[in-house]
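This report refers to the structure that appears directly beneath it.
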Amino acid sequence: MDALPSISSRGDNTWNDDAWNDTWNDTWNDTWNDAWNDTWDDLLDDAAEIPAGHRAVLTLYAAIFLLGVPGNGAVLWVAASELRRTVNGVWFFHLALADLLSCLALPFVALPLATDHHWPLGAAACRLLPSLTVLAMFAGVLLLTALSADRCALVTRPVWCHNRRTPALAAAACAGAWAAAALLTAPSLAFRALRRDPFSAKATCVMAYGGGGGRRRGAELSVAAARFLCGFAGPFAVISGCYGRLLCRVRALGPGRSQRATVTVLVVVLSFFVCWLPYHVVGLVLAAAAPGGAAFRGAQAADAAAAGLAYVNGCVNPVIYLAMGRGPGRARRSWRALLKRALGDDAAGAAGDGRARSADTAEDGVESAAV
């Protein structure tokens with residue numbers, strides 16, 4: 001059987017390329033323009049529906065992410081590559097790791113603010129991603145507690161530190177802090193669930209405590225109280241005791257001792273508690289106040305801002321380190337040299353790290369001359 005002739009080969013039905021091209025272009029342009037305009041209009045409508053307060057918090061989240069990821073990455077690099085043989089290098093490596101984890105989870109945690117509390121990532125991500133920020137919070141405060149105890153021991157127990165204070169011991173303490181943080185994060189993993197709206201496609205990621213009203217409120221209050229005690233009040237009491245004893249000892253020893261690392265840790269500790277205090281207060285009010293009351297409504301209104309301030313802590317530490325690394329005659333030092341100076345052990349921490357610090361000091365001198 002002969003093949004059917006092509007359309008263009010039929011004598012009476014000559015194909016008009018110009019007409020086809022004009023028709024195709026008009027159709028394509030109309031379709032594309034309509035689709036683009038509809039999509040753009042939808043985006044503008046969605047953006048317009050985001051409350052002004054949420055837009056401000058989202059802007060803050062973006063700034064935290066853009067500052068925190070490279071900043072904590074730089075601290076990790078310096079601590080791992082150039083301070084790995086020092087005790088302080090171990091402490092600050094793990095502290096920066098906790099901050100980096102919080103910053104990396106931030107875009108996902110910000111999704112509900114941009115989508116009217118809709119969670120599009122599924123049930124597994126609902127359990128995991130918000131829990132990472134809780135893990136980072138507990139790890140950060142427990143690491144700061146251990147670090148404060150370490151600074152106190154350097155001044156009050158110098159002989160013990162000379163014999164026992166090693167990077168291996170610091171690494172073991174950090175592992176214990178991460179393990180305790182994981183245990184304290186378990187309620188977030190256990191109770192967080194995806195709740196679907198039966199009348200729409202909307203799904204929200206919530207803490208679903210289950211049970212009746214009284215039982216649910218009791219569980220919510222217990223979790224909030226445990227988070228406050230273990231993640232704020234308890235560590236704050238221990239750290240305050242450590243620094244109170246340390247300052248008394250330093251005053252008795254008199255001036256002239258280098259305390260740069262101790263001051264750096266103290267500033268980091270203060271910034272942590274300033275950033276996280278509103279978050280814990282709002283959490284306690286939301287758990288304890290009667291729903292619909294003035295206190296509950298006020299806490300709900302402040303919730304996003306309190307969480308935003310808490311996340312600021314994830315990006316502020318590298319800035320503190322750079323500021324503390326500066327000194328007379330060091331204006332032209334590179335960021336790496338500034339971080340090494342801020343994070344390195346000072347004269348008060350001579351126990352156990354002398355050779356590593358001597359090498360770091362020599363490297364600092366070479367780098368300072370090269371910058």
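Every residue number used here counts from 1 along the chain in the order it is shown.
Quick reminder: no glycine exception, Cβ is built from N, Cα and C everywhere.
All TrEMBL annotations are machine predictions without curation.
What TrEMBL lists as transmembrane segment is 58-79 (among others).
Marked as domain 'G-protein coupled receptors family 1 profile' by TrEMBL: 71-321.
Long-range neighbours of the transmembrane segment (91-115) within the same chain, counting only residues 6 or more positions beyond its ends whose Cβ lies under 8 Å from a Cβ of the stretch, are 46, 50, 54, 57-58, 61, 64-65, 68-69, 72-73, 75-76, 79-80, 83-84, 121, 125, 129-130, 132-133, 135-137, 139-140, 143-144, 146-147, 150, 170, 174, 177-178, 204-205, 268, 304, 311, 313-315, 317-318, 321, 343. Per TrEMBL, the feature transmembrane segment maps to 91-115 (among others).
The transmembrane segment annotation in TrEMBL covers 127-147 (among others).
According to TrEMBL, the transmembrane segment annotation covers 168-190 (among others). Beyond the ends of the transmembrane segment (168-190), by six or more residues, the same chain brings 87, 90-91, 94, 127-128, 130-131, 134-135, 138-139, 142-143, 145-146, 150, 207, 223, 226-227, 230-231 to within a C-beta distance below 8 angstroms of the stretch.
Within its own chain, the transmembrane segment (224-244) has Cβ neighbours under 8 Å at 134, 137-138, 141-142, 144-145, 148-149, 151-152, 184, 187, 266, 269, 273, 276-277, 280, 283-284, 286-288, counting only residues six or more beyond its boundaries. Residues annotated as transmembrane segment in TrEMBL: 224-244 (among others).
Within its own chain, the transmembrane segment (265-292) is flanked in space by residues 95, 137, 140-141, 144, 147-148, 151, 217, 220-221, 223-225, 227-228, 231-232, 236, 239, 243, 298-300, 302-303, 305-307, 309-310, 312-313, 316-317, 320, 324, which lie at least six positions past its ends and keep a Cβ under 8 Å from the stretch. The transmembrane segment feature in TrEMBL is assigned to 265-292 (among others).
When Cβ-Cβ distances below 8 Å are used as the criterion, the transmembrane segment (304-324) is approached by residues 53-54, 57, 60-61, 63-65, 67-68, 71-72, 74-75, 92, 95-96, 99-100, 102-103, 106, 113, 133, 136-137, 140, 260, 263-264, 267-268, 271-272, 275-276, 278-279, 281-282, 335, 338-339, 342-343 of the same chain, each at least six residues removed from its ends. The transmembrane segment annotation in TrEMBL covers 304-324 (among others).
The feature region 'Disordered' is assigned by TrEMBL to 347-371.
Here TrEMBL flags 361-371 as compositional bias 'Acidic residues'.
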Mean pLDDT across the domain 'G-protein coupled receptors family 1 profile' (71-321) comes out at 88
